[in-house]
Ligand SMILES: Cc1cc2nc3c(=O)[nH]c(=O)nc-3n(C[C@H](O)[C@H](O)[C@H](O)COP(=O)(O)OP(=O)(O)OC[C@H]3O[C@@H](n4cnc5c(N)ncnc54)[C@H](O)[C@@H]3O)c2cc1C
């Protein structure tokens with residue numbers, strides 16, 4: 001039987017020759033040979049049992065495509081997780097444990113938590129994408145990281161169709177990274193994620209949100225009145241994001257296109273000769289255990305905001321055809337009209353080359369390029 005016949009005889013919802021541009025918030029990409037939607041966990045089991053006979057066909061797992069750039073089409077099967085739901089699985093005086101399905105929209109989950117006065121993910125409001133993708137790159141914003149509230153996740157091994165649970169240490173969370181971006185890349189499909197949220201008091205103490213991200217304080221003053229509630233913080237985060245970042249409804253965008261870069265203090269000194277105002281942040285090594293394995297192991301190092309470097313090099317708001325960077329943020333590559341995946345790749349490569357020529361630094365893309 002061909003894969004086409006197998007899918008036809010299954011109960012799975014699927015399409016052939018599906019345009020990918022509508023499944024990535026970058027709005028580029030050609031067609032996928034097969035595009036299968038997973039609405040229930042049972043669909044995932046059926047699919048994996050069927051896929052055992054077609055493993056020569058490449059498989060790509062997709063959520064809402066807000067961190068995925070399709071450089072072209074996909075000669076294989078795209079499996080989109082659209083299984084939804086949030087379930088309370090435990091509660092005590094202090095905490096509530098919620099299990100959410102992988103295809104559940106992340107922001108709706110955050111809103112659910114805030115509506116129920118549960119704290120732990122409110123600074124991650126308005127990040128596009130699904131629950132299932134959140135642990136993959138350990139999403140973070142405004143001083144909060146999803147691993148702070150993470151308890152465990154369930155995932156199916158692609159080769160065996162067996163389900164297993166991963167606790168926090170097993171996920172090896174790091175800066176914009178986890179085991180699912182490294183050792184277990186393309187080996188597991190996350191079906192649900194469980195978070196432990198703290199019951200919030202009526203008003204949030206200033207020290208609590210300020211210690212997480214200072215600039216929230218300024219925007220809070222504008223959008224709410226003291227003493228602030230969890231909802232006030234949630235709305236302040238949405239407001240700050242609307243002001244600073246390109247919106248999915250207005251542009252093709254994947255948010256930040258590059259990760260911030262770690263350099264040794266020695267390298268920083270070298271760069272300061274050329275860029276006296278270069279921005280940098282001291283780094284607590286304990287927060288980045290994976291970096292200890294790399295060339296920075298024995299050195300002191302700092303984090304430099306790549307957006308600052310790109311702006312300094314003239315990339316902010318620069319368009320080449322319909323591809324460019326956002327006028328308010330050089331780290332955000334956008335499309336503002338019809339474009340191809342290759343045009344985005346070409347633009348990205350030009351940015352990388354310009355940073356390398358000016359600093360010797362090889363910046364790394366944050367997005368998944370397919
Ligand atoms: C405007 C904008 C702002 C953004 N701001 C932020 C931000 O502040 N902080 C931040 O961290 N990110 C940010 N992002 C990036 C993006 O929102 C996150 O990475 C998000 O988690 C991606 O979710 P998704 O469902 O769209 O993932 P997709 O793009 O569909 O997938 C991303 C990766 O995860 C894998 N994957 C997806 N689902 C599963 C699953 N169920 N099992 C296994 N693997 C899976 C995919 O194979 C792919 O490698 C932003 C993006 C945009 C467009």
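Just so it is clear, glycine is given a Cβ too, placed from its N, Cα and C backbone atoms.
As recorded in TrEMBL:
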type	residues	note
DOMAIN	27-200	domain 'FAD-binding PCMH-type'
ACT_SITE	176	active site
ACT_SITE	256	active site, proton donor
ACT_SITE	366	active site
Compute the average pLDDT of the predicted model within the domain 'FAD-binding PCMH-type' (27-200).
97
Measuring Cα to Cα, how many Å separate residue 176 (active site) from residue 366 (active site)?
8
Inter-residue C-alpha distance, residue 366 (active site) and residue 256 (active site, proton donor) (nearest angstrom)
7
